[in-house]
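Asks: Not my notes, these are from Swiss-Prot:
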ACT_SITE  S25  active site, schiff-base intermediate with substrate
ACT_SITE  Y58  active site, proton donor
BINDING   T57, G73, A74, A75  substrate binding site
MOD_RES   S25  pyruvic acid (Ser)
Amino acid sequence: MLRTMLKSKIHRATVTQADLHYVGSVTVDQDLLDAADLLPGEQVAIVDVTNGARLETYVIPGRRGSGVIGINGAAAHLVHPGDLVILIAYGQLEDAQARGYQPRIVHVDSGNRIVDLNADAATAAPGTAGAPVPNPLADSLA
């Protein structure tokens, strides 16, 4: 049986540009692609932390060291410069391999510079997490 598992994640990157008229895809600094083990053309999900939008596209390499995260094509209607995003890639692994697999997790700062690598996928790197969103139903659940 194959399991679809988290393979790569670039956490809380800042969108630096958007080009509605580009053919499509997301442009990502080559340093971030290398750190996250993402290849040009690889499918990624983009989760917009700022507005909740989710979409799928593929990556194209951007200039190394530039910090570029560029949203291209129709996705520019959903994701805008300055938005915080999470880029996620999944892989299919055999059950035994999946049980021991460690994904590549890349935490970045506001300039999209790497601040932490291969941390626990469920733990934010120091200084990268925002304030928790309050649960509006918390009082009624108590």
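Just so it is clear, glycine is given a Cβ too, placed from its N, Cα and C backbone atoms.
The model shown is predicted, which means the values in this text are computed figures rather than measured ones.
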Asks: If one looks at the chain holding S25 (active site, schiff-base intermediate with substrate), which residues at least 6 apart in sequence have a CB under 8 angstroms from its CB?
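Replies: Residues satisfying the criterion: T57, Y58, V59, I60, N72, G73.
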Asks: Output the one of A74, A75 that, of all these binding-site residues, has the highest number of other Cβ atoms within 10 Å of its Cβ.
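Replies: Selected residue: A75.
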Asks: Could you find out if DSSP has A75 (substrate binding site) as helix, strand or coil?
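Replies: In three-state terms, A75 (substrate binding site) counts as helix.
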Asks: Max Cα-Cα distance in Å among T57, G73, A74, A75, the residues listed as binding substrate?
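Replies: Those residues reach a largest Cα separation of 10 Å.
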Asks: Within the same chain, and leaving aside T57, G73, A74, A75, name every residue whose CB is within 8 angstroms of the centroid of the CB atoms belonging to the recorded substrate site, in sequence order.
Replies: G24, S25, V26, L55, I71, N72, A76, L78
Asks: Please report the number of other Cβ atoms within 10 Å of the Cβ of Y58 (active site, proton donor).
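Replies: A 10 Å sphere around the Cβ of Y58 (active site, proton donor) contains 16 other Cβ atoms.
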